[in-house]
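Going by Swiss-Prot, these are the annotated features:
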BINDING   Ala126, Asn194  NAD(+) binding site
ACT_SITE  His224  active site
Amino acid sequence: MSSREELGVAVAGLGAIGKALANRLARNEVAGCRLSAVSGRDPGRTADFIASLPRPVPAVPLHELPRHADIVVECAPAAVLPQIVEPVLDAGKKVIVLSVGALLEFPELFRKAGSSDGQILVPTGALLGLDAVTAAAEGRIESVKMVSRKPPIGFKGAPILAERNLDIDGLTEPLLLYSGSARAAARGFPANLNVAVALSLAGIGPDETQLEVWADPGVVRNTHTIEVVSDAALLRMTIENIPSENPKTGRITAQSVMAMLRKMSAPVRVGT
């Protein structure tokens, strides 16, 4: 029998991804991990969701999650990221961040992580080949470029649309929404481009990572094409993700968190 202690996992945010994660954890689908708490914006809906689980867990405010868990998974709107991450780091625990783009808007979180016993974890998510990019970064990376294409509905509400007075309703051909650095893109598409920021953090940084963003009525899946030129390898990758209930993100995002949690409690770990 294994002597490893079971890890308590709390889920912050009960949107499509948060609910999917909480459901799977509550059903003991990750050996060595259990759902220990949740936090949702609407008390009534949160209570209804908890009632649907095979066993009840407490619903607590964001800042109390570290008291109930070893690991907190952030699945919330980007604006509340500090409210989730700071208490976890102060408690010396781990937080898995899905709103990766928001990390660039709150650089103090990097500093706090560096001065605490806690840790910020960024899952692979939709980014095929993230391990290869981090390995390439141990040498010299010359350039990183990503081209993202999503159905227009996936960009609804993106701040850059209002800033540039862009109308994507009724598009009949691809429209270039943005071309530039990953850092600036994260501001314009806070709910859409976490994959680009994760790529930049793994490689040469958000200012040097180049990005094109297209609203494309001809695609039905979120599609990312990546090219990394380094002294160790030339990497070319294309990923087509099936959207989740939230068209801004892919179904594989929740599965990536499950895989990360599984690695953390597994006797054998595969991958960087």
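Positions of Cβ are set from backbone N, Cα and C atoms, glycine also.
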In DSSP terms, helix, strand or coil for the residue listed as 'active site'? strand
Would you count the other C-beta atoms found within 10 angstroms of the C-beta of His224 (active site) for me? 23
Count the Cβ atoms, other than its own, that fall within 10 Å of the Cβ of Asn194 (NAD(+) binding site), considering every protein chain shown. 27
Measuring Cα to Cα, how many angstrom lie between Asn194 (NAD(+) binding site) and His224 (active site)? 12
